[in-house]
Amino acid sequence: MRFSSNSLLLGAVALVSAIPVQDSPRQRLLDGKPLPGKYRSKNPYTPGYRDPYDTAVDSIGKGLDPLPWRNGDGASVLGPWNRERARQNPDLVRPPSTDSGNIPNLRWSFVDSHIRIEEGGWTRQTTIRELPTSIELAGVNMRLDHGAIRELHWHKEAEWAYVLSGSVRVTALDYEGGNFIDDLSQGDLWYFPSGVPHSLQGLDPNGTEFLLIFDDGRFSEESTFILTDWFAHTPKSVISKNFHLAPEVFERVPKREKYIFQGSKPGSIEEEEPKGKNVKKSKYQFTHRMLEQEAHVTSGGKVRITDSKNFPISKTVAAAHLDMEVGSLREMHWHPNADEWSFFIRGRARVTVFAAEGTARTFDYQAGDVGIVPKNMGHFIENIGDEPLEVLEIFRADEFRDFSLFQWLGETPRRMVVDTLFADDKEAGEKFLKEIDNPVKDEITLPDVKNDEEEDDL
């Protein structure tokens with residue numbers, strides 16, 4: 001039998017095409033591997049996209065519109081759709097395949113809080129009313145213009161604060177009748193125990209803005225004990241007796257609380273501090289320079305911790321300040337002594353909270369958002385944006401405490417770790433044991449391993 005050259009050529013082509021190429025799309029799918037970017041859609045919110053590793057997607061930074069497609073499952077949206085909200089919450093629109101079960105909402109944005117506008121400033125709050133999981137702590141974001149005063153007042157709750165911008169003067173009176181005055185700037189803290197009377201005034205030409213934390217999620221700014229409110233609801237005859245002056249002297253005191261108001265421009269502390277033989281300075285230090293602390297440097301950022309160990313008066317609030325590099329991870333961990341109340345100052349992040357019983361949920365955060373992680377629930381914070389991530393972790397506790405998953409496994413008998421995680425893959429178990437050998441706690445870690453999704457630079 002004779003064969004033409006064309007027939008031989010066609011036969012050879014057919015034979016070659018029947019042999020699977022080791023790294024062909026077909027062979028990778030047969031091997032259970034993801035397709036490289038050149039063979040699939042690069043938009044993760046399409047039916048053709050595949051990602052078996054649930055890689056984070058920065059929908060805001062990449063200008064993507066999240067849709068409920070995941071590894072071929074899901075469908076398009078036909079009804080009303082808030083695209084901006086979807087971009088802010090991509091992991092609610094398309095949750096990781098590892099999410100499961102019901103977890104209450106653990107995210108709130110201050111932009112959704114009602115703002116109370118006053119002369120020279122404003123305030124808004126995140127409490128158990130706005131975020132029902134904010135049980136242990138409540139937060140207030142306040143702005144005071146230059147010279148504006150948050151008038152003399154006190155609270156049932158202790159007050160902890162972090163200066164976000166500008167400068168502010170704080171005054172207080174301690175339990176022994178000692179007075180305290182200090183000027184604070186960005187990154188500084190103050191703490192006033194329950195009942196300690198105090199005031200705040202914006203100093204910088206642009207005033208100040210700060211985050212207030214109260215050690216009870218039920219707190220309300222409306223429940224504050226305010227000087228002018230007390231005067232307005234006390235008979236003038238009583239005020240007269242208390243201050244040894246005629247009632248007429250108090251004829252024009254405010255008829256209601258002033259709360260926030262424009263005051264006169266303050267002088268220096270030396271010019272304004274009280275003087276007299278009966279006046280004494282407080283022996284307590286109500287303020288602290290958090291960002292002036294020496295940072296604990298990790299592979300992926302910096303950590304500063306402030307609690308009663310280095311800020312002794314702060315008996316009910318502890319905090320950590322995190323500076324996280326692009327691509328870094330606040331390692332998998334949990335807190336045994338308090339719920340975590342996080343405030344995101346800069347950047348974008350995702351957090352998955354593991355609640356036991358096969359339950360986990362992922363939330364996304366950006367600047368101005370509040371996150372809750374209940375006590376003992378495992379979680380991480382991943383910087384998914386294109387800029388450093390700055391976060392405050394705040395706790396109703398006298399000390400900051402956490403458990404590192406990496407450290408725990410590294411200090412557990414090796415046999416037990418392999419039997420638990422790698423009984424069916426001894427080779428992977430050996431790689432894992434090598435990595436966690438002689439573990440060093442790395443609170444913010446920067447992995448040098450990338451999967452196919454990250455290498456494709458979605």
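Glycine is no exception: its Cβ is also placed from the backbone N, Cα and C atoms.
According to TrEMBL, the feature domain 'Cupin type-1' maps to 118-251 (among others).
The annotation domain 'Cupin type-1' is assigned in TrEMBL to 288-429 (among others). Under DSSP, the residues of the domain 'Cupin type-1' (288-429) split into helix, strand and coil as follows: 21 helix, 65 strand, 56 coil.
According to TrEMBL, the region 'Disordered' annotation covers 26-52 (among others).
Per TrEMBL, the feature region 'Disordered' maps to 79-100 (among others). Residues 44-45, 54, 57, 59-60, 64-71, 107, 109, 350, 352, 358-364, 366 of the same chain lie 6+ residues outside the region 'Disordered' (79-100) yet bring a C-beta within less than 8 angstroms of a C-beta in it.
Annotated signal peptide per TrEMBL: 1-18, in sequence order.
Confidence for the domain 'Cupin type-1' (118-251), expressed as mean pLDDT, is 97.
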